[in-house]
Every structure is written in C-alpha cells, then in structure tokens.
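Working notes for the structure below.
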Amino acid sequence: MESDLTFVAPEGVYSLTEDHKPIPVAHTAPHPQYPTRLSTITVRFPATKQPAIQGLGQLLGGGKDFWKEKGLAPTPAAKDDGGSVSSGDTPEDVTSPDVGGSQDATTPTSIVMPDQNHGLFSPPAGGKRRALSRPKHNMRTTSSTFITRLQSVEGLTKVLQAKQGEVTYLFYNSAKNFYWVEAGVQSKEALARVAFAAHPTCHDVNHSTASHEHLDLIIGFQTGDLIWFDPIALRYGRLNKQGRISNSPCTAVRWVPSSPNLFLVSHADGTIVVYDKDREDGVFTPQAPTASLASPPRPLTNEPALPSPEASLPAGEWNPLDSIFVTIPPWHPVNSAGAQAGGGRGDRDKAAKNPVSHWKVSKRGVVDFVFSPDVKYVAAIAEDGCLRVIDALAEQLVDCYAAYFGSLTCVAWSPDGRFIITGGQDDLVNIFSPWEQRVIARCQGHSSFLSGLAFDDLRCDGRTYRFGSVGEDNKLILWDFSSGILHRPKLHSHHHRLSMSSSLSLAARRRPDALTADHSTLHLPPLGGEGPLQRYHPAPSRNEVAIVQPVLVKQLENDMLTAVAFLPRWLLTGTKVGHVKLWIRPLPTSRKNGRAAPDAQDLDWVS
C-alpha cells in the first residue's frame, strides 16, 4: 500500500496532498548554506466580511483549550491603551516608545509562581499596559538595500478579505528568499515572497498577538540582522541593524510564549540575546567571560551549596559546563527596579534599549533552543555537544548534559514539560527527563546526522508520547515511547527525583565512582581534578539506557530533509533547498486504538 505518496503508521495512512517549491535557482548558483526552517500558524477568519480590514482572523482557540486542561492557559491579554513605534530604522525625530516597562508587558502563563520576583519576563508591578505596536516601515515603498524584492499575489487584500473559517499559513526560507504560503489550497503560488540581500537563517511567528489584521514574525539572518515583519500589512522594522549588537549569524529565534514583544535569538558565537521588538538598538558591548565575573547560581532551595568546581580551573577562566555568563545592560530589569526609586519615568523610558539581556552560553555556536511549556526554562543545544537547561527567569544554568558523540543539531520539549528530546551527529535521538536529571532512553533508527525533531501534540497524552525525526539520510521516522520506561533503569535504580528549581544537579549528588565514562564530544573543556562539576552530566554508556525502536521508517526520495512539524491536519516535511511537503493525517481514532502505548517489544535493552 505504501508508495512515494503514502506511508502507513499504526494509526492509519498518511498521504501526500500538496507540496510547495521555491523559485528555480540557476544551476550555477551555490548550494544553499543555510537549510530551510518552517514556521506555522492557524488562524480563524470572521464568519462575516468586515469592511476595510485585511483578512486574518483571531488565533485558533483549540490549542488554548488544550493548555487550559493542563492548567497552563495564559492570562487574558491586556486591552489596548496607546500606540508605539518600531526600532531599527526609526527616524531620530520620532520619540522613543514607552519602553520603561516594555519587558514587563509579558503576560506569563499561570504556572509561573507569583513569588517569582525576577523582572525579565514578569508583568509590571503597576500602571497601564501598552497597545500592541506595529512595524513602522512599508515594505512596498522602502528604499532599503537590505530588501531587494517583494512579490505578492495579485489582489492580496481582496484574497484575505474573502477568507472565512480556519486557515493555516506556512512560512519558510530558501536561499535569500522568505515565503508566505497557505496550506490546503489548490493554488501553489505564494501569498508573498520577499528577497533579501542576506540569507535568512531562522524565523518564528508570535501566536499570542496573531489576529485577523496582524501577524508578528521575527526573521534572523546570517549577518546577525533581525527583521520584524507583518505579512498582512507588508510592513517591517529592523533590529540589530548591521550587527550593532551582534554580527554573528543567527541560528534560532523564539518568541517568549504569551509575550507580545519579547523574543530570544541564538547566535553562532555561543550567545543567546533577549530582545524587545519595541526598543531601539542600544550601544552595547558584552563583557568578556571570566570566572571572577560569572556569579555562581543562587540556591533556590534550603540545601547547602557544594564547593565550587571552578576552583580547579585556571584563574580567570570561565567554564561553560558549569554556568552561563550574563552581561547585564544598564537598562536590564534588575537595574530598572533600582531606578524606579531614584529617577523619573521619562528617564527610564529613554534609557531602555536592546538588548534586554545577553547570555554567553558556550564557547562554540548555539545551534537551537526551545522554551519549556511553563516559560520558566530554556533548553539550548550547542556545537560543543551539550544540552543546557537554563532557568530563564533567574538567568542561570540548571544542568548541562553531554551528547554521546559529536554535536547536537535539534531539540524539542514535550507539551507537558516532562521530557526533552535531542538529535545529533551520533545518529541518535536522546530522551531526557529534566525532572529526573538523566537520559532515560535513546532512539536508534537513523543512519546519518539528525536535522529535525518535533512532538505530535495530538498523540501525547501524558502516558504515551509521539514524536517525529528527520535526518540527512532522508528518513522520516515516527517514534512512540511510554513514560513507563522511567521506572525501568537497567543498572542505576538509585536516582532521586529532584525539583528543577534546585541549583544542584543530579551529578553533584552521585558518588565519583558511580560516574560512567564520558563518550561525548572532544570539544568540551576538561572537568578539572577535583571531581565532577555540579551541573555537568557525562553521557551514560549504551548499556545503561533503554533503546526505543521506531514505529515507522519512511525513506523519502528528495533533497536532504531538514525540518518536520505536526499540525492538526497535516504532517509537514521540509528539505534543505525549500521543498515543503504536506502529508494529510489519518482520521482520528479512539484513544485506545489511536494512542496505544508501545509494549515491551518496542523497548530493547543492550547487554
């Protein structure tokens, strides 16, 4: 029954229904250096047409209902009370927007505890909230040399006004082009294509601000530049213009969930930078990381602190396995809190610029990162072969896990926050339990480097979890695993369940003779001679970890696969050159048949 257009999974048949290809590239053009990335959003158009409004409806509410059931629903958005302007290209005669508390405009999810007093992602202590701002510059009439061409479908405004019901939009990059297309329609023509002078490398769409009039996207580039783009109005703003804050290539960008203005960008120089889309770029030079300036993590429990492992390092050397190095700008929320008592509001607003904060995470490039569902933690992977779990509110490293071999290339966090999965150059998918602070399983099935991972939210029910992976071997693999494997470690059954809020990792509580050999990448610095680092976890050997077998392996005949995503109606795959395929999912079945947990035959142990 399987063919190039179909494949059969336990829940039914997936069928290729449509594909989107970028514009043809001349044969003499070099092979794309930066692979295609996918961003998606589903919106609901109003049932009746509204005059003088350009399409796009209110954000689809299905996802919100799901999070309400989990107790993670965001608080209601604040009402508009004023205007604001963009950054980057803002003329000098335009006054700066009300940004004194702009980092506080975030509406945190309900799981964030009220006693969390850090100001980075927290709401303001009082006062009015700003209206959602819009990009200042018109892309159709711009004279910027950074935007080389804009091509949109004929009559775009009328096309959007005619929409009703749910509509799914896809955004992807290919070469120096950025595409906006609609899924599930017969037309293969892109709604808009923007050509830039530099290569787009990453992008993300803000789900919390989407409406029938407005979408917020952030696009990162190889030059470090950032574009804040509204495809509905075809308007844009620029941040980190000409690499003013960082000229290192952008590797990933993520909006802070439920925030209308904050987003994070990772760079190839090993940094993660926090931005506010409403702020202008400030004059900023990050400090050089040194051990003397890197403050140790503040204990979040009453447990005594262990001796610092940095004592075994050469004087002044910062160890990225045990901490992140935070450069705090003068307008950082920590400093802004003190300014409230001594300065006027106008002075604070005028001073607030980008970046909001600057994290030096690794001595090698940060490849990707994702937020935890409760928005309190960030899971970041780097070319040094480490997965780092960072407390985003306290801006501190919680744990650092080494890959079995080589660099890590992709990462995803489960919808309920219990598991983190990573793929890398060891051809393995590793399943981590950040709450248990260990690797609980490895998935074997790929024969080359992994390039993309994603959880299928509809098939993750807290007991059984489904995710998909793609790799340079052109395999699309579906995996199921049961949380029951957490309770069946083969060798070490003495792991204690710890709180993620603890600043002491599991590695610090193990006996030195219980540590296994480190099979991870050679890029890591030595651990020192006084025992393991507090937050560093070497990769366990193969016979210590359960092996998960694939549910389905589909060999696709196309260019190298680089992206995978799950939507309620489709499974999406993307190739390095921008060929996006949509596979329609089988009709939903009962929970018993559609979410059957893998039995013992799906989990193997290597002796």
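Glycine residues also receive a Cβ, built from the backbone N, Cα and C atoms like all the rest.
The compositional bias 'Basic residues' annotation in TrEMBL covers 127-137.
Annotation source TrEMBL lists compositional bias 'Low complexity' at 303-312.
Annotation comment: TrEMBL describes 67-137 (among others) as region 'Disordered'.
The feature region 'Disordered' is assigned by TrEMBL to 285-312 (among others).
Sequence annotations record features per position, and here TrEMBL assigns region 'Disordered' to 519-538 (among others).
Mean pLDDT across the repeat 'WD' (401-433) comes to 96 in this model. Marked as repeat 'WD' by TrEMBL: 401-433.
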- request: Over the span of the repeat 'WD' (401-433), count residues by DSSP class, listing helix, strand and coil in order.
  value: 0 helix, 19 strand, 14 coil
Long-range environment of the repeat 'WD' (401-433) - Cβ separation under 8 angstroms, sequence gap at least 6: 66, 70, 367-374, 379-389, 439-444, 446-455, 457, 460, 462, 465, 467, 469, 471, 479, 481, 483, 486, 518-521, 523-524, 536-539, 542, 548
